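Annotation source Swiss-Prot lists domain 'Ig-like C2-type 1' at 41-103. Sequence annotations record features per position, and here Swiss-Prot assigns N-linked glycosylation site to N47, N130, N145, N183, N202, N267, N296, N316, N385, N406. As annotated by Swiss-Prot, disulfide bond applies to C48-C92, C52-C96, C135-C186, C237-C290, C332-C371, C403-C419, C419-C457, C431-C457, with the evidence given as similarity to another entry. The domain 'Ig-like C2-type 3' annotation in Swiss-Prot covers 230-297. Residues or ranges marked as domain 'Ig-like C2-type 4' by Swiss-Prot: 325-378. Residues or ranges marked as domain 'Ig-like C2-type 5' by Swiss-Prot: 412-464. Annotation comment: Swiss-Prot describes 481-503 as transmembrane segment. Positions annotated as phosphothreonine by Swiss-Prot, on the basis of similarity to another entry: T521, T530.
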Amino acid sequence: MAPSGPQPALPILVVLLGALLLGPGNAQTSVFPPEVILPRGGSVKVNCSASCDQPISLGMETPLPKKEILPGGNNWKMYELSNVQEDSQPMCYSNCPDGQSSAKTLLTVYWTPERVELAPLPPWQPVGKNLTLRCQVEGGAPRANLTVMLLRGEKELSRQSAVGEPAEVTTTVPVGRDDHGANFSCRTELDLRPYVLKLFENTSAPHQLQTFDLPATPPQLVSPQVLEVDTQGTVVCSLDGLFPVSEAQVSLALGDQKLNPTITYGNNSLSAKASVKVTAEEEGTQQLLCGVMLGNQTQETRQTVTIYSFPAPNVNLTKPEVSEGTEVIVECEAHPRAKVMLNGVPAQPPGPRAQFLLKATPEDNGRSFSCSATLEVAGQLVHKNQTRELRVLYGPRLDEKDCPGNWTWPENSQQTPMCQAWGNPLPQLKCLKDGTFPLPIGQSVTVTRDLEGTYLCQARSTRGEVTREVTVNVLSPRYEVVIIPVVAAAVILGTAGVATYLYNRQRKIRKYRLQQAQNGTPMKPNTQATPP
């Protein structure tokens, strides 16, 4: 509570009393102190005096509670006024033989405001927009000495006089990003220093400001334009220029399906990524929505997603396993709006169905028939493939390519006999010399004289058997010594013969041309065929 006002001491009053008393003449009433400032509810002592020595009457008129203190003198009285709640002017009066008179003292009551309140700030304030601060002040006196300040932290934004009851003070300030989290408050100052008192301050509770900056551009939404039923797609929504980005929220939804995104925050940007899986109930056109919410504003982007159902095409064979020579129908069928293509089939009009007739051969065993179906969805082509394999049953085969009929190997060399039998089912193969000595097919062996000879290779399966003779020749070192010079001599003689023939031919041509030139006969091109 503010301190009490000054109380005049009795000795001082008595001393001053004589100075205030006037000599004989016109009647005059005096009051001391003439002015007093005191806290509301306080008390004060006031002296009333008359100019004559023996006043007929001397007193005070006031609505305030009063009582006379001290014995007083013939021409003065002292009163104590208590519970002073508001400004007042008590009046001292006197009635002397030469006339009546009166005098007033001015009581000024001071008190600090009962309520200093800053109006609530908006939950979110857009950056770049002006903010209006409003402060209400109830009570406080004297108003001439009461001012109201609006503050940002301790920085003074505005100072105004308190006018009216309650007094309301407003000011408008621009808001930037650096104002986010700043505290704003209202403060009153009751300056009684001119009355030799002090400065009284009252401050409201601070309010914290939250600012935000949401760009006018909509979020960027990246997603597939088409989605197949029971498949999963990825949706990414991003936006730059957000402040404060940590307070931004993202909402992603496909139709009635709310997505659960994972949000990654940058300095002033965010990216929300979510997986979406669609069902047959959602087939058709759906709206994909991305909303970024910050403060009390939202930016949205919408995109159309087409959800479709497209089963893989069916590839059907008359029978997946047939005997050699059997006719097989290969058929591919897909979605009614799809176009199919069977590999290895002559071109057919585009449509959802294709087929052809095949006469199975051993070469068709293990053959894959692939069907490709294409469907147009929302301007995009989507593809599905299906493959079936045909198994052809045929008897054993042994041919020169996979089972050579003659091998010639040097003695003591390392060789691997190879003979592959074909058939479905795969036949068993064995090669025997004289019905007992086996040829180690597929195994690395050291060539010896015992390996030489003719072998009967037999391939057998449930669909029959086939045989083939295979001869193994073993070259001994002596045979190699004889055969090598013979082969070398043959090569030399052959080369010499060819060279002699070419020389004689060129010589005859030159001779013929010379004769023709001498006889004046035009030359004809030589069309003689080159001898083999």
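Keep in mind that glycine also has a Cβ here, set from the backbone N, Cα and C atoms.
Sequence features, as recorded in Swiss-Prot, placed on the structure.
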residue	record	DSSP class
C52	disulfide bond	coil
N145	N-linked glycosylation site	helix
C186	disulfide bond	strand
C237	disulfide bond	strand
C290	disulfide bond	strand
N316	N-linked glycosylation site	strand
C332	disulfide bond	strand
N385	N-linked glycosylation site	strand
N406	N-linked glycosylation site	strand
C457	disulfide bond	strand
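Geometry remark: C52 (disulfide bond) versus C332 (disulfide bond), CA distance 137 Å.
Note: C92 (disulfide bond) has non-local neighbours T29, S30, V31, V46, C48, S49, L58, G59, M60, S102, A103, K104, T105, i.e. same-chain residues 6+ apart with C-beta under 8 A of its own C-beta.
For the recorded positions N183, C186, C403, C419, a Cα-Cα cutoff of 10 angstroms around C457 (disulfide bond) retains C403, C419. Under DSSP, N296 (N-linked glycosylation site) is assigned to coil, being neither helix nor strand in the three-state scheme. For N385 (N-linked glycosylation site), the nearest neighbour among the recorded positions C96, C290, N406, judged by Cα separation, is C290. Every protein chain shown contributes to the tally, and the Cβ of N316 (N-linked glycosylation site) ends up with 16 other Cβ atoms within 10 Å.
Counting neighbouring Cβ atoms within 10 Å of each of the disulfide-bonded residues (C135, C237, C419), the lowest count belongs to C419. Ranking the recorded positions N47, C135, C371, N406, C431 by the distance of their Cα atoms from the Cα of C419 (disulfide bond) places C431 first. Per-class residue totals from DSSP over the domain 'Ig-like C2-type 1' (41-103), listed helix then strand then coil: 0 helix, 39 strand, 24 coil.
Of all the glycosylation sites listed here (N183, N267, N296, N385, N406), it is N267 whose C-beta has the fewest other C-beta atoms within 10 angstroms. The Cβ of C290 (disulfide bond) lies under 8 Å from the Cβ of P219, L221, V235, C237, V250, S251, L252, A272, E300, T301, R302, each of which sits 6+ residues away along the same chain. Taking the C-alpha positions, the distance from N202 (N-linked glycosylation site) to N47 (N-linked glycosylation site) comes to 35 Å.
Across the fold, the C-alpha of N47 (N-linked glycosylation site) and the C-alpha of C186 (disulfide bond) stand 42 Å from each other. Here the domain 'Ig-like C2-type 1' (41-103) has a mean pLDDT of 88 out of 100.
Put simply, C96 (disulfide bond) is 70 Å from N130 (N-linked glycosylation site) when counted between their Cα atoms.
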